[in-house]
Amino acid sequence: MLLVNVAHGLLALYLLTLLAVPKVQTPLVALTCLLAIIGGQWLKAPPLGRRLREGWAMAVPLVGYATLFAVQIEMGWLRWRDWDQVLICALGLGVLLSNLPARGPAVHRWLLPAAALGAVGALGLASWQYFQLGIPRPHGHLGAGVVGSGALKYGDLSAVLALFSLQLVLRGPQVWRRVLGGVGFMAGLGAVALTQARGALLGVALALAVLGVLWWLRRRAQSSARQGTEAGRNAREGRRPWWRQRQPVLAAVLGLVVLAGATDYMGARFADIGPQYERFQAGDNNSEVGQRLALWGIALRAARHAPFTGVGFDGFGAETQRQRDTGELARDALVLYQGPHNEYLAGLSAAGIPGLVVIVLFFWAPLVVGCRRFLRGQQTETALMLVLFSASYAAFTMTDSLLDRQISLLAYVLLASWLMSASGPGAAAAGPAGMGRPKGGAGNVAPNVVAADVAGVRGAESPNIVRPDGGERVSRSMQQGDVSGSSSASAVGVQVSAAASSAAASAGTVTTADGLSVPGGLSVAIIACNEAHRIARCLQSVSFADQIVVLDSGSTDDTVAIARGLGADVEVTPDWPGFGPQKNRALARCRYRWVLSIDADEQVSDALAAEILRVLCEASSEATVAGYWLRRSSRYCGQVIRHGLWGNDRVLRLFERQRGRFTDARVHESLVCDGETRVLEGILVHDSVDSPEDARSKARRYAFLGAEALRARGRGGSLQGGVHAGWSFVRGYLLRAGFLDGRFGLTLARLNAAGTFWKYHWAALPEAKWEQLRASLSASEPNSPFAPNARSSP
């Protein structure tokens, strides 16, 4: 643990001294990277392949950037000292693959306060240079550079520190942290104003826009989950003051005010854009705008001259002379800079199309991945840092080349790799539970839902469901083989495989003083219909729980008898309201603090059972973690599917009962958790379909339910269906590497595409044909249109 804290402390010190103290950044980066790499070897880490998949958004551009440099060095285009670029990428890759960043204190404890203090230091140094030394555009210790490049980078990095400070304002758990964040935010933007870096303002604006979109998606998900009920709104407002509910809006307004003030302060520079452009049109490029436009033109002509290889990272000057000699550039044209002053054009001109692809991935892939992780509630604080950082750099590089200076290159490689590793799916399981997590944090939810007021939307129990008496632990009856009911149920109970029945024993069940498996107890909620052929396997795999609730929606086979014979609390509902409402009915029957919701075609592996018991036993009475994601391994006709849309995914299923609820969607329901979430390493086995016909039948059922939802919104049509189906096939078979699963991968990709087309095509059917379709499906499969165990996320 000491090594982890030292590494985090060094990173915090790096942010603190980034702009305020000269000549310490490179040693700090080197030490931090080495500690992360060494510590990652000592700490237990997931397999290398998994870490590469989780960090692909940084791994691919790092490897690509290093490869481009290595190739050009070997070709003699670059000098041997340029191997330092490859070394920097190698250090970043080592940090990315290490699991040390995922451990240690939360970001609001060390990193964000250090960034806020660093912003104050940046403003102090810039103010001293501007007011005392009379430097019109302060550049700190970065040097003036040609066309003010030092001031530009100083402003860009000041903007990064300001954005990190803004996150502390929004997410800081204590008042003093939020105050410090506010001071750092104002100081960082003040430094930007003094440097007069217009590109830095562009980066702040893009980061705030992305933050606004994320906030809007959060609010939309909250509104959907609360169903607009007055009780939900009142409950939420009762817990949080109005100013805390509107923090993103207040921060956005504050940011706009500060940016407007900075724009007014830099009014002369903005006012010069028009006249300088007119001068460039007249042939005079002796101005900042004229230089940029001239450099961009040289870069584009270089890309046209060598579209696949470029002219080399060190060949911009030679290319400029070549264009003078050929007449593409006027011989008397003034060119003051040895690069295009735009990172995207720099990559395009230096390495052709491959270079442009690498640069785009460098900044935009982490941004996309960070947004996805934030919306999924996956290490939200670290993911938000990644979003703000990558969004700002993606905009900075439109008006400046940041990878040509070591300080800005090291900052991006280190911080982006660190944040990508710390926010990864495996990061949640790596860190100590609850370390440094704020209480009452923002909600974290399953895919497509960001947050919700769980207390406000928790509905009353269905009147058709009566809570049974008793409360004896179901695991006891299962382990003793107490199976009653029909003869077929007894037969199934006897024939359960030894592997499945040993789950509880392998989990190492340890009862608490009150006789429960974990403090507060654990309930399992299952909805089922006609699952006699596999319900026993599912129930045996969760025999370690204190209560198992099975809510049946009208099975015509022995599902109910088998479940009762294995000790479950079973109830039958006369209607089928949809997946979400039915799962909430089952949730309402659960008695204990923790709830594990699984489908009848899923089984908890022995390793996952042991991990669940261990994690819940370690949870405190006021756990900051409200839910846990489970890794799910799906099978198609007995074949494990590792890629495509059915590949190994994660589902939010284990949660604290009072802080979780399912949305009321009839299909594709999602679990909403009010609090932090983590990821467990154990596997949830998903036996989705038993035969190709079963798969086709399930695809038709989900297509019909999806068509109902689209029809209610007035959407659908064959053209839209064709487009969405084509994208579904490309995404599953090519982008998600479904082809690696062989013929099963192709079958599933085609099946998913067909189901997508049916959904949109059926949604646009005339009313008469729609009713015919409904009658046809109901006649051919009486219970199937509402089969509860159908995969929620196929």
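All positions are counted from 1 along the displayed chain.
Glycine is no exception: its Cβ is also placed from the backbone N, Cα and C atoms.
If you check TrEMBL, you get these features:
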- 185-359: domain 'O-antigen ligase-related' (DOMAIN)
- 523-626: domain 'Glycosyltransferase 2-like' (DOMAIN)
- 461-486: region 'Disordered' (REGION)
- 24-43: transmembrane segment (TRANSMEM)
- 55-73: transmembrane segment (TRANSMEM)
- 85-103: transmembrane segment (TRANSMEM)
- 110-131: transmembrane segment (TRANSMEM)
- 151-170: transmembrane segment (TRANSMEM)
- 175-194: transmembrane segment (TRANSMEM)
- 200-217: transmembrane segment (TRANSMEM)
- 249-268: transmembrane segment (TRANSMEM)
- 344-371: transmembrane segment (TRANSMEM)
- 409-430: transmembrane segment (TRANSMEM)
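With a threshold of 8 Å between CB atoms, the same-chain residues lying at least 6 positions outside the transmembrane segment (110-131) that come near it are 8-9, 11-13, 15-21, 138-141, 154, 157-158, 160-162, 164-165, 167-168, 172, 177, 180-181, 183-185, 187-188, 190-191, 194-195, 385.
The stretch from 55-73, 85-103, 175-194, 200-217, 344-371 with the most CB pairs below 8 A to the transmembrane segment (24-43) is 85-103. Per-stretch counts of Cβ pairs under 8 Å to the transmembrane segment (175-194) identify 200-217 as the leading one among 55-73, 200-217, 344-371.
Taken through DSSP, the domain 'Glycosyltransferase 2-like' (523-626) splits into 37 helix, 25 strand, 42 coil. Here the transmembrane segment (55-73) has Cβ contacts under 8 Å with residues 79-80, 82-83, 85-86, 89-90, 92-93, 96-97, 312-313, 350-351, 354-355, 357-359, 361-362, 365-366, 368-369, 413, 416-417, 420-421, 424 of the same chain, all six or more residues outside its ends.
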